[in-house]
Amino acid sequence: MDVRRLKVNELREELQRRGLDTRGLKAELAERLQAALEAEEPDDERELDADDEPGRPGHINEEVETEGGSELEGTAQPPPPGLQPHAEPGGYSGPDGHYAMDNITRQNQFYDTQVIKQENESGYERRPLEMEQQQAYRPEMKTEMKQGAPTSFLPPEASQLKPDRQQFQSRKRPYEENRGRGYFEHREDRRGRSPQPPAEEDEDDFDDTLVAIDTYNCDLHFKVARDRSSGYPLTIEGFAYLWSGARASYGVRRGRVCFEMKINEEISVKHLPSTEPDPHVVRIGWSLDSCSTQLGEEPFSYGYGGTGKKSTNSRFENYGDKFAENDVIGCFADFECGNDVELSFTKNGKWMGIAFRIQKEALGGQALYPHVLVKNCAVEFNFGQRAEPYCSVLPGFTFIQHLPLSERIRGTVGPKSKAECEILMMVGLPAAGKTTWAIKHAASNPSKKYNILGTNAIMDKMRVMGLRRQRNYAGRWDVLIQQATQCLNRLIQIAARKKRNYILDQTNVYGSAQRRKMRPFEGFQRKAIVICPTDEDLKDRTIKRTDEEGKDVPDHAVLEMKANFTLPDVGDFLDEVLFIELQREEADKLVRQYNEEGRKAGPPPEKRFDNRGGGGFRGRGGGGGFQRYENRGPPGGNRGGFQNRGGGSGGGGNYRGGFNRSGGGGYSQNRWGNNNRDNNNSNNRGSYNRAPQQQPPPQQPPPPQPPPQQPPPPPSYSPARNPPGASTYNKNSNIPGSSANTSTPTVSSYSPPQPSYSQPPYNQGGYSQGYTAPPPPPPPPPAYNYGSYGGYNPAPYTPPPPPTAQTYPQPSYNQYQQYAQQWNQYYQNQGQWPPYYGNYDYGSYSGNTQGGTSTQ
């Protein structure tokens with residue numbers, strides 16, 4: 001694909017298909033797409049060179065995904081069979097002499113838009129490709145609320161955006177306390193993202209007899225290297241708040257066994273706030289196969305953390321020394337201590353003492369498995385595959401890899417194919433009981449090892465010292481929930497590639513969201529679990545949840561969910577639909593009631609082509625707006641909007657009219673309104689009607705008449721500006737059906753409060769205010785011809801004498817000369833609109849009528 005030849009729309013389409021940001025100029029879009037294309041190259045082109053120094057850390061390839069995107073994983077090459085010794089005991093190189101992570105594309109970790117560079121004390125290098133991806137990536141929440149990226153998790157440099165973009169981001173959304181996880185789930189469901197095509201996870205021909213990190217018994221956001229002895233967590237966006245755990249594939253229940261773990265890197269997470277406690281920490285230890293990945297936070301899960309504390313069942317106690325990057329922790333399990341099992345640890349070869357004593361009877365003969373829980377750290381294990389250990393081992397202990405296979409207990413093996421996997425999609429309103437049912441169902445089916453995909457499960461992995469982050473969290477709670485929702489969207493995309501069993505714990509009331517979320521899981525056993533309690537039970541559960549967790553979902557969001565609630569049906573994307581409480585018939589009736597309730601309480605449907613305003617200045621916000629399809633703007637808008645500048649037909653009040661093809665307002669038929677530019681019922685200055693009129697051939701004007709011997713007495717001033725009987729401008733045209741051929745003046749009266757533009761009374765057809773116009777210059781050759789438009793036939797006109805009661809000083813000749821210049825300029829300006837004025841012959845104007853002569 002030649003990125004340079006793609007158009008902007010094509011670039012955005014390609015970026016959207018890959019789940020990348022589609023905002024920016026064409027150059028930025030092209031750079032972003034080029035980076036994504038390079039990231040899709042095979043792994044053998046993206047690995048480190050084989051001549052890397054032994055012991056030097058290689059690249060950590062992290063994935064680059066945006067919301068709605070898919071995980072870009074390459075093809076994993078199987079490691080050579082058997083155990084391969086490393087080049088150096090203290091090195092961090094893989095079996096091939098270099099460290100190549102699990103065919104995963106790089107993860108964007110930074111939000112710095114000026115200097116996108118990771119500071120790495122351990123020497124982890126980043127190639128230009130990663131920098132291009134980091135520069136191309138902009139965190140965003142493209143939602144119906146149009147809410148921008150949160151800034152509280154960004155470094156100060158991230159706010160230094162380009163000026164041309166920053167000026168459009170000055171308006172801030174109001175902060176609402178009641179935006180919890182349910183609200184952001186609802187907002188995501190409203191979004192109409194295109195589903196990503198399902199992708200198969202490449203199979204590895206890994207030797208299953210080796211002790212290694214179990215890719216089935218680890219978190220989805222823990223990335224395992226191809227040699228299965230090292231790994232690291234995702235750290236972009238909200239993932240930096242999450243713990244990420246993994247267990248080994250084999251456990252033990254007898255003997256004296258050990259393994260080692262080394263912290264290779266504390267991954268930079270500059271986007272975390274400075275108030276985040278312990279942004280880099282590792283917890284290492286043992287657990288049962290039935291335990292979750294949250295080491296040390298439940299029974300039979302024992303861990304020793306880098307904060308110098310040991311923990312089990314979320315009880316933390318001081319133990320040993322703190323440890324950090326480049327430290328090596330040895331883990332020892334002694335099953336030969338009578339009726340107890342003793343667990344102890346070493347730091348860099350120094351024994352920390354016995355940490356836990358467990359009764360064998362309590363274990364019930366179950367095996368303990370090596371377990372690690374990390375937060376923004378890359379780690380590597382030594383299960384015995386290395387020729388030499390990192391540090392000295394306590395006497396009498398054996399690496400778990402060196403035990404006979406018969407003495408090792410294999411952990412739970414995952415499904416062999418996607419046909420054996422289940423995806424259960426919860427469907428129900430907030431507080432209906434979806435999470436409660438999911439937890440109970442997973443606990444009652446431990447062999448399936450359900451992965452619950454929900455914001456609540458994400459928040460459980462953000463614990464601090466084993467405690468959930470509550471609303472007294474130092475930062476913005478709604479922003480943290482928003483980050484968790486982003487993580488969930490990414491995990492759903494990753495989950496579609498992994499052969500596991502899942503429970504999708506979200507509302508999923510939108511039919512479009514149901515289809516979109518199930519399509520990537522093609523090949524799974526896709527089932528919908530509908531929880532629809534009675535309306536009374538739902539209200540009680542909502543009150544209880546609000547008391548426990550606070551207001552989670554705004555009322556308007558719940559009403560919108562009710563209005564769009566769609567019960568799923570067995571079809572293309574669902575194999576089975578189960579109703580937990582109300583069954584199908586009762587649920588259908590209740591959902592129809594919810595639909596009606598939501599539609600009545602919700603706002604009216606949005607109209608894409610609507611004119612809502614009337615009366616804005618010069619029509620920028622009034623007179624109908626920028627609408628090509630409807631002319632519903634009420635009269636009164638000043639100048640109207642595009643294609644509707646004339647306002648209502650014949651209505652008064654529109655200033656200067658506009659270009660109205662419908663003929664509304666003034667200047668209709670004969671272009672001047674009802675033959676009188678100052679007519680009461682026409683718009684002041686009217687609107688220009690483009691519609692050509694079928695007119696007879698223009699007639700030759702009669703010869704000019706001699707002026708009257710005596711001018712009329714000067715009129716007097718009146719607040720009405722145009723007093724009754726005052727002479728007004730009348731441009732006559734030979735138009736069938738009009739009164740243009742009669743020279744009867746019409747009276748124009750404007751009240752002072754009306755925002756109209758009236759001028760001192762004068763007759764543009766003949767200045768009859770008591771002066772003799774100078775001889776006009778010869779008119780230029782006509783430059784415009786309206787074709788079928790009727791020509792002007794200014795008939796001789798003698799204005800009637802004004803009322804005697806109206807007297808005011810005689811206007812001077814200079815005033816009339818100034819008016820003449822203004823009108824001449826006015827008609828010259830009309831020539832700047834050839835699309836609207838065609839080839840009309842305006843003639844020249846210099847103290848006389850257009851095409852006629854002045855009279856007195």
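Including glycine, each Cβ sits where the backbone N, Cα and C put it.
Looking up K322, K416, K449, K731 in Swiss-Prot, the residue bearing an annotation of SUMO2 cross-link is K449. Swiss-Prot gives the label asymmetric dimethylarginine to one of R190, R545, R645, R677, namely R645.
Considering R171, R599, R656, the record held by Swiss-Prot lists R656, annotated as asymmetric dimethylarginine. The 10 Å shell around the Cβ of S512 (phosphoserine) contains 15 further Cβ atoms across the protein chains shown.
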